[in-house]
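*Asks:* For 1-49, the entry in TrEMBL reads region 'Disordered'. Among the features that TrEMBL reports, compositional bias 'Low complexity' is placed at 16-29. Taken from TrEMBL, the feature compositional bias 'Basic and acidic residues' applies to 31-42. Per TrEMBL, transmembrane segment is recorded for 68-90, 509-532. What TrEMBL records for 106-202 is domain 'DUF7088'. Under the heading domain 'ABC-type uncharacterised transport system', TrEMBL lists 246-358.
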Amino acid sequence: MINNNNNNPEKDKNISAENSNSSSANAENQADIKSETEKVKASTENNNTKKTKEKNKIAFYKRRSFKYGSMATAFTAIFIAIIILINVGLTVASERVQLSVDLTNSKSYELSSETLNFLKKLKQPITIKFFATRSQMENADDQYFSGAVKLIQQYPKYSSNISIEYIDYEKNPTAVAAYQNENVNQYDIVVSAKDNSGKEIYKVINYSDLVVTQTNSTTYSQSIIGNQAEQQIDSAIDYVTSDYHPTVIFTQGHDEDDASAYQSLLKSANYEVSQSNIASKDIDKKASAIAIVNPKTDFSEAEIDRIDAFLKNDGNYGKSVFIYLDPRIQSLPKLEEYIAEWGVKVEKGAIYDSTNSFNNAFDPIASDVDSEITGIPSTTNIGTDVRISKPLTILYEQKNERKVKSIIKTGDSSKLLADITKSAADSDKDGPFTAMALSTWTSGSNKSNMVISGSFQILDSDVLNSTNKNNKNLILGMTNKLLGKQTSISVPSKYNSSSSLSLTIGQRYLTWILLVVIIPVAILLIGFVKWLRRRHL
């Protein structure tokens, strides 16, 4: 018999549990599937986002604006780098090479050709020491001083043997103390070299010596008008590299002119200068020359004997005497008699030239200058001022051991005012005249010299310092030649002020006639002709 029992509670319970477990499992599976789906979806979205960003990034780099902007940035960076490199390179090069161009009238920041030739011959190491920092030297208030510094800074660019040092005056007392005997001050300059034994040879240049000053004749105040740094540095280099420094003794006791400009010129050329009253003692035999500048009283026989003994030098000769006279001093009998023994007669009166002169007729321009003695080329365009000069007569060209010749002559248009208290007249004696002469006494291979100048004002400060006159070169060249000092060079000072046109009296008259008469009359004639033609049209 079959028994169907559908109402079994245990069985129903088991079935219900199974169904419940199955539903739970399905729910979990669905949750897992949903989670996986969401993960896949999220991953897909992330991948899509990345791809989109990459596409956008690629598109950005492919944009024209990015391409040209990047190129511009790169070129700008490269250009700036090149500018920096060029600037650094030029800064370094400027220390050794001249890169600037000097446009000033006097070439204030440019070394002269004389200095450049001088530096080419320099074989010995030279040090130029500034006793101040570089900024202190370069930023000085005075334009001429700072210009002088800039000029000095050019020296190493033209000679590898020259170096520059900047010494802080306040922070380096030891360096300053090394030159304590010379009283070195801030802004001073020391030019030094070493001799064969290693000893330092030096010359101190005071900062005030770098500039040129001018004294007002009314207020007596001084003003700076230029710089003379080049001649000071050249002189110092010459001094520390040369063993020969001749001494020139200036006589005293006859109310002589102090000739300060003349003495300064000699000192700048490394001559030793001293004064001596030869009435009471012999002339120092170590001296190379004596200078007699505008004596107003005569020399005694004892003094003449001392001059003669000095020139003969115990038969060794090799000495010189320079005599500069003044036409306003009528007579110096004993001195003039001794000069005549050397073949030159000192005449009375004063030379003048109304045609060929500088400021006035008594400033004649020399027409003939001995180039062998002075070193001045005969073709030079710069004149020599023969200011207020006595005429000299050469008594003989050669007599025994003596030879005499002119150093300076005035032109044919010059005349002689025999009596300086009277006015010039047509009857005055015509030139040319000798204004400076040289007499040489030769003994074997040795020579002694006497230079006689009818003018002492040939040595005036304004004459020697003028860039329009050759007096400075003449005096220094002649002195170097006769005393055997051939290394000195002469360079003009630097002036930044506007220069005036220097005309002779004849040129002034010609200019006046041209501008006031000829040109206006020509214009009037042209206008008159034009008027006549139009009138008859």
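From the backbone N, Cα and C atoms, a Cβ is placed for every residue, glycine too.
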*Asks:* I'd like to know the mean pLDDT over the domain 'DUF7088' (106-202).
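*Replies:* Summing pLDDT over the domain 'DUF7088' (106-202) and dividing by its length gives 88.
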*Asks:* When DSSP states are grouped into helix, strand and coil, how many residues of the domain 'DUF7088' (106-202) land in each?
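*Replies:* Output for the domain 'DUF7088' (106-202) reads 35 helix, 19 strand, 43 coil.
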*Asks:* For the domain 'ABC-type uncharacterised transport system' (246-358), jot down how many residues DSSP puts in helix, in strand and in coil.
*Replies:* 33 helix, 27 strand, 53 coil
